[in-house]
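**Student:** Supplied in structure tokens, the structure appears directly below.
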Amino acid sequence: MTFREMNIEDLETTLKTDKDVGITETEARKRQKEQGFNELQAGEKQSVILLFFAQFKDFMVIVLLAATLISGLLGEYIDAIAIIAIILMNGLLGFYQERRAEKSLDALKEMAAPQIYVLRDGEWRKIPSREAVVGDIIKFISGDRIGADVRLIEAYSLEIEESALTGESVPSIKQSESLHFPAEGIGDEENMAFMGTMVSRGSGIGIIVGTGMNTAMGKIADLLQSAETQDTPLQLRLEQLGKILITTALFLTLIVVVTGILQGNPLYTMFLAGVSLAVAAIPEGLPAIVTVALSLGVQRMIKKNAIVRKLPAVETLGCASVICSDKTGTMTQNKMTVTHLWSGGHTWQVTGTGYAPSGEFYYGERAVQPKGNKTLFQLLTFGMLCNNSELILKKDRFTLNGDPTEGAMLVAAMKAGLNRENVVEQFTIVKEFPFDSTRKMMSVIVKDNQGKHFVVAKGAPDVMISHSSSILWQERVVRISEYQTQIQEAINGLAQQALRTIAIGYKPIPSGTVLLHESEAESDLIYFGLHGMIDPPRPEVKEAVREAREAGIKTVMITGDHVATAKAIAGQLGILRGKERVLEGKELAEMTVDQLEDIVEDVAVFARVSPEHKLKIVRALQNNGHIVAMTGDGVNDAPAIKAADIGISMGITGTDVAKEASSLILLDDNFATIKAAIKEGRNIYENIRKFIRYLLASNVGEILVMFFAMVCALPLPLIPIQILWVNLVTDGLPAMALGLDKAENDVMKRDPRDPKEGVFARGLGWKIISRGFLIGISTLIAFIVIYKNNPDNLVYAQTIAFTTLVLAQLIHVFDCRSERSIFSRNPFGNKYLVAAVISSLVLLLVVIYYPPLQVIFHTVPIASRDWLLVIGMASIPTFLLAGSILIRKTR
Ligand code: ATP
């Protein structure tokens, strides 16, 4: 018998499980050992050894290795070995950087890995999907991705989109009965749900029958293994730029070599010097360091509760000019408490905070017993019936399982002495039409003890009016049209106090009638009353909105909630100011994107919108030239999240679908985290600019010193091994330390960056050329002064040039910490940089003063009076320009 044919008992016996308690944790661990992890095997990864050798596949490195080999064969053993050692060390550095980048990307993937709800030891637990085993009972709701292959045992309005397997994007309707006809394909498997498919509506419970590679998805997994690492725009731009830089470096090197030879230098020496120069000058390590900087930044973001799913988003974050954010849960705490109840012109108040079910009911000043008031008690009972939340007492604390709006209604009912057990004894839920943000309501069909059926519905109060034909007004059912004004006043009255409002309605079902569709259940209702609940703003949001505004970023609130509630909260948070206005979903629905473009700049709040409208908002803002960050949590939010420049999903309340569509996940669902991520995004980009500037200016300096020397008919100021050493030491640690720099304090006071700006924008190109030129010139001057003084001691003059070049670069690195000037922040504020510079200095001294290394690097000790010259010349490039900026400012 196949799983689809079995009934529940057969399934339980075959899979050794129990639908009510699941399997035990011990059993789960045992099964996991036998069955392996519930994951699709990833494709072959590049092996560590291959990655290491890949560091040497660069053309110039191969030429250098070949040249070194020749010099070794010619008897220059020490030089050959030293050069090979340096190339190896350089390779190791590149290897380390790439491994690190790869590892942190893997760690990221792991953090964003899907979770699944399983029943173990009688309790629902959320576990990483990879730990699920055959026999686990799992549950899922709309927006979830199914974590394994399951046979359904319960299905409520369940529809699953199986395009990942079938290509068919229309969702299949699912059910939980046994089926006795043969299935012709996945589409016929009505009582099965498959790994990787997506719940587009309703909810369900199932028993896992296959995990990992033993799933329908596992069988086609080979087809799906596409690499998902994307290069960021900057990486792509650097790649293009790299080609130009290589050509330029090679061209200049060629001139150096040719002039050198024409000046009478030996062919072989010039060849080796040329190749070393090319290796040093080509910024082959740049892409790897950019990846490291990006991934280190990404790790800092994790500490601030933001997970980046797509690396390009890190860069785009720094360009964001509008943040469109949901209200509930992102700007507010999503900890709801019912404070007001209204029905038939009467308002009651409820005391108590949080989810603890204790509080008093008041009618005006007078305390009332809800049990003594039929209307109030009924309103609370209905609120409990049309409700899926659960209150759990854990370690003396009440926690909520489920939707906070429903939780608030449950707690209010419990404050009146109602409890689930009693209600379940009297009423049975026969069918449920689940909530969705577009309908803005949900309903249940209930059977009471006498076998009578009725509908209980709840939803947005204004929406519920259009689904009701009558109203219960002081225990009489009358036409709703007679009390329209009173209802609107009641709704507005609550909403203006920033309360979230939910209306309750009901209707009896005549016996013998079967209501199959929600449109039948949710029409012709009797409007019963309102629940008004507070959902306080998160305390940090107001400040975050202000900081974003200072950073040139506008905050827009998008909410399904009532206009008046949205307005009140937006006002409290400083989102709605001056001439900014609120636009309602109804108006939005009638507008074209073009029309919206004309007014969207003035809109700060979109209220009563459906998720489908969000896409229009994104498009209109984008057409106006904005870079848009858009949050969302539900299935219907996915298109807008995808279309936004930065799609953001919620870590706690977000559905799998929204998470998969997003490039950033907020672990704490908090608006303030978006602001923190943007700040970090800006900082990462600035750090990348810092080391691009440092590396390229250093390279320009290295090339120019050689170039000028050859043009001036001087001997070689640096020998190949020295050039390679400079490249290794200065390009390595200090450049990486720049990638760890903290943000400048005005990073959130500047306007967003233009995403189209080139690598050298905002004066970076000029800085590189001018600093590089000065480094080259001052090194050369130091060399000439010493050489002219004592032309017989070329080795000494070369040592001076070598030291001046290294020192000039190590001083210049501090200047790179700020785009303004070296004096605009404490130059020693980055401890990694200080450590990197100190260790480079120590290495420099060792090379000059340690006799065995002197032999290898062809250096000699420097006399103390010449140190003055070295330090003076090395300081010029940085301080000359810093001084000129200072003078320009004070003038
Ligand atoms: P946001 O879009 O900021 O998250 P929201 O929670 O108000 O705000 P939706 O979840 O789309 O947005 O809800 C829209 C409206 O539907 C709410 O304002 C509320 O009146 C009603 N509503 C919310 N949750 C439920 C529910 N569980 N049952 C019935 N109605 C609900």
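Cβ coordinates are placed from backbone N, Cα and C, and glycine is handled just like the others.
Automatic, uncurated: that is what TrEMBL annotation is.
Keep in mind that what you see is a predicted model, and the values were worked out from it rather than measured.
Feature table excerpt (TrEMBL):
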- 2-76: domain 'Cation-transporting P-type ATPase N-terminal' (DOMAIN)
- 48-71: transmembrane segment (TRANSMEM)
- 77-96: transmembrane segment (TRANSMEM)
- 244-262: transmembrane segment (TRANSMEM)
- 268-294: transmembrane segment (TRANSMEM)
- 691-716: transmembrane segment (TRANSMEM)
- 722-740: transmembrane segment (TRANSMEM)
- 768-787: transmembrane segment (TRANSMEM)
- 793-811: transmembrane segment (TRANSMEM)
- 832-852: transmembrane segment (TRANSMEM)
- 867-887: transmembrane segment (TRANSMEM)
**Student:** Short question: most Cβ pairs under 8 Å with the transmembrane segment (691-716), which of 48-71, 77-96, 244-262, 832-852, 867-887?
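**Tutor:** Top-ranked stretch among 48-71, 77-96, 244-262, 832-852, 867-887: 244-262.
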**Student:** Is the transmembrane segment (832-852) in contact with the transmembrane segment (268-294), using at least 3 Cβ pairs under 8 Å (sequence separation of 6 or more) as the test?
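**Tutor:** Counting Cβ pairs under 8 Å (6 or more apart in sequence), the transmembrane segment (268-294) does not reach the transmembrane segment (832-852), since there are fewer than 3.
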**Student:** How about long-range neighbours of the transmembrane segment (244-262): same chain, 6 or more residues beyond its ends, C-beta under 8 Å?
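**Tutor:** Apart from its flanks, the transmembrane segment (244-262) reaches 269-271, 273-275, 277-278, 281-283, 696, 699, 703, 706-707, 710-711, 716.
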**Student:** Within the same chain, where does the transmembrane segment (832-852) have neighbours whose Cβ lies under 8 angstroms from its own Cβ atoms, ignoring anything closer than 6 residues to its ends? I mean 6 or more beyond.
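**Tutor:** For the transmembrane segment (832-852), the list is 725, 729-730, 733-734, 736-738, 740-741, 799, 803, 806-807, 810, 813-814, 817, 859-862.
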**Student:** Which residues of the chain, 6 or more past the ends of the transmembrane segment (722-740), have a CB below 8 A from one of its CBs?
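**Tutor:** That would be 83, 86-87, 89-90, 93, 97, 273, 276-277, 279-280, 285, 289, 292-293, 296, 687-688, 690-691, 694-695, 698, 702, 706, 798, 802, 805-806, 809-810, 813, 816-817, 830, 832-833, 835-837, 839-840, 843-844, 847, 857-859.
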**Student:** By DSSP, how many residues in the domain 'Cation-transporting P-type ATPase N-terminal' (2-76) are helix, how many strand, and how many coil?
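**Tutor:** Tallying H, G and I as helix, E and B as strand, the rest coil: 41 helix, 1 strand, 33 coil.
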**Student:** What is the average pLDDT across the domain 'Cation-transporting P-type ATPase N-terminal' (2-76)?
**Tutor:** 82
